[in-house]
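What follows is one structure encoded as structure tokens, with my remarks underneath.
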Amino acid sequence: MKEADPAKLARMEGGRWTVDLVRLSPTTFECSLPGPSERSGDIWGILTEDEPSEVAPERPEEQKIQQKLWVQFGTYGKEGTQMQKVGRESPAPQVNENQIHREKHECTVCGKRFPYRSTFISHRRVHSGEKPYKCWECGKIFRRRDYLNLHQRTHTGEKPYKCWECGKSFRQSSHLTSHEGTHTGDKPHKCWECGKSFRQSGGLTLHQRTHTGEKPHQCFECGKSFRNSSSLSRHHAIHTGDKPYECLKHGKSFPQRSILTKHKITHAGEKPYKCLDCGESFRYSDSLTKHHRIHTGDKPYECLECGKSFSRKDSLTLHERSHTGEKPYKCLECDKSFIRSSHLSRHKRTHTGDKPYKCCECGMSFSDSGTLTKHHRTHTGEKPYKCLECGKSFYQSRQLTSHQRTHTGDKPYRCWECGKSFSDSGHLTRHKRTHTGDKPYRCFECGMSFSHSETLTKHHRTHMGKTL
């Protein structure tokens with residue numbers, strides 16, 4: 001078989017020089033890249049790109065031939081590139097392209113190294129804060145194009161990753177992988193500190209921070225730090241007052257999507273989660289989980305400051321504020337601050353006089369639903385909270401908690417002004433007013449103010465023509 005002229009088989013395709021190796025000699029010749037010392041001219045510029053090219057893997061016999069043969073190209077000039085030599089030679093030195101790139105792309109801020117220029121550029125935006133990719137649907141901006149692509153699926157509703165086990169679809173492949181673990185029970189990521197296992201590595205990373213105490217996500221508004229970015233995002237809503245999730249049924253807005261989802265269940269009135277111990281039913285699975293702890297006595301959330309334990313995470317969060325003095329909920333009317341958002345909502349009604357919760361039994365109105373519930377028990381005589389020490393029962397859980405301290409002698413609430421201690425937080429609050437002279441309870445009928453709510457209630461009756 002007559003061999004073709006190699007110089008006639010080289011051609012330019014899409015900016016690359018290629019050689020028709022099949023026509024050249026399919027059994028004898030194979031083209032391989034020359035060594036670094038032999039590369040010259042712009043023709044090799046394509047090989048210094050940082051992105052890996054998609055090249056089909058070679059067969060073993062081709063790799064052996066490739067070690068023996070190479071094609072050397074001349075300098076890329078105006079008149080094209082000449083084929084200079086085709087023949088048998090010693091193997092060209094092997095070059096690890098990725099190693100060269102890895103040495104080139106090092107972040108001067110944090111020292112991290114990257115094999116490809118594109119990932120290096122994307123990383124630099126972490127430090128600069130640059131977010132060049134914008135969603136034209138809602139205006140949200142992103143650091144990476146793939147983050148934008150994922151976000152756009154929230155507008156299109158696209159969920160390309162489908163579980164073949166149950167048919168459920170997901171926007172991200174990682175969400176599908178996590179979901180598949182619910183079928184297999186597989187939890188490959190284990191915490192070596194406590195033995196707990198997780199379906200995703202991200203879940204393990206977040207969990208490990210409960211051991212290390214690491215809180216890398218800081219609020220630039222108030223300096224508070226959080227273990228994960230989602231907690232920081234939720235916290236931001238406290239400062240901004242942003243409630244982007246609206247219930248279309250009656251227009252009520254919420255700061256988090258999960259709260260809106262829970263709220264929607266109240267429309268149906270459905271309570272699908274039932275306690276097998278006492279038969280009580282709940283709208284949400286997490287409410288049932290919290291309720292179970294009443295039966296088990298489990299208190300998994302411990303305060304690192306004083307060692308006190310709680311059955312609910314939000315109870316621990318509220319308790320921690322008693323140590324830090326943090327009161328993130330501020331009244332814009334009088335600048336008074338509160339530990340809980342519900343306390344702020346209740347306080348606002350002292351300015352408006354609004355009492356939307358009415359007792360159907362006696363017509364009395366209240367500023368919050370909790371007070372109405374407690375009031376109802378004065379009609380029914382119900383006292384669901386019983387002291388196991390002496391058998392005494394109470395209308396409210398906090399009354400029981402306060403009462404139990406008469407058995408233990410515990411007085412955890414201390415006045416920093418005079419050093420006096422109290423068994424109940426409400427008693428401490430009332431006591432503090434003896435130092436401040438604060439009288440927050442105002443009668444809208446005559447303008448008179450009082451230091452205690454019950455004093456105001458008694459005063460109201462003088463306008464209603466009732467005696468004490």
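Cβ coordinates come from backbone N, Cα and C, glycine included.
What TrEMBL records for 105-132 (among others) is domain 'C2H2-type'.
What TrEMBL records for 133-160 (among others) is domain 'C2H2-type'. When DSSP labels each residue, the domain 'C2H2-type' (133-160) comes out as 12 helix, 4 strand, 12 coil, counted as helix, strand and coil in that order.
Residue counts of the domain 'C2H2-type' (161-188) by helix, strand and coil are 12 helix, 4 strand, 12 coil (DSSP-based). Annotated domain 'C2H2-type' per TrEMBL: 161-188 (among others), in sequence order.
A Cβ distance under 8 Å defines the sequence-distant neighbours of the domain 'C2H2-type' (189-216), meaning residues of its chain 6+ beyond its ends; these are 174, 177-178, 181, 225-228, 304. Annotation source TrEMBL lists domain 'C2H2-type' at 189-216 (among others).
For 217-244 (among others), the entry in TrEMBL reads domain 'C2H2-type'. For the domain 'C2H2-type' (217-244), the residues of the chain that approach it from at least six positions outside its boundaries are 206, 209-210, 253-256, 326, 328-329, judged by C-beta separation under 8 angstroms.
Residues or ranges marked as domain 'C2H2-type' by TrEMBL: 273-300 (among others). Residues of the domain 'C2H2-type' (273-300) grouped by DSSP class, helix first, strand second and coil last, total 12 helix, 4 strand, 12 coil.
TrEMBL lists 301-328 (among others) with the feature domain 'C2H2-type'. Over the domain 'C2H2-type' (301-328) the predicted model carries a mean pLDDT of 84.
Among residues of the same chain six or more beyond the domain 'C2H2-type' (329-356), those with a C-beta under 8 A of the stretch's C-beta atoms are 238, 318, 321-322, 365-368, 370, 440-442, 444. TrEMBL lists 329-356 (among others) with the feature domain 'C2H2-type'.
Sequence-distant contacts of the domain 'C2H2-type' (357-384) (same chain, at least 6 residues past either end, Cβ-Cβ under 8 Å): 342, 345-346, 349-350, 393-396. Feature annotation from TrEMBL assigns domain 'C2H2-type' to 357-384 (among others).
Residues or ranges marked as domain 'C2H2-type' in TrEMBL: 385-412 (among others). Within its own chain, the domain 'C2H2-type' (385-412) has Cβ neighbours under 8 Å at 374, 377-378, 421-424, 426, counting only residues six or more beyond its boundaries.
With DSSP classes pooled into helix, strand and coil, the tally for the domain 'C2H2-type' (413-440) is 12 helix, 4 strand, 12 coil. The domain 'C2H2-type' annotation in TrEMBL covers 413-440 (among others).
Beyond the ends of the domain 'C2H2-type' (441-468), by six or more residues, the same chain brings 350, 353, 430, 433 to within a C-beta distance below 8 angstroms of the stretch. According to TrEMBL, the domain 'C2H2-type' annotation covers 441-468 (among others).
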Which sequence-distant residues neighbour the domain 'C2H2-type' (413-440)? Criterion: at least 6 residues beyond either end, Cβ under 8 Å. 322, 336, 347, 350, 398, 402, 405-406, 449-452
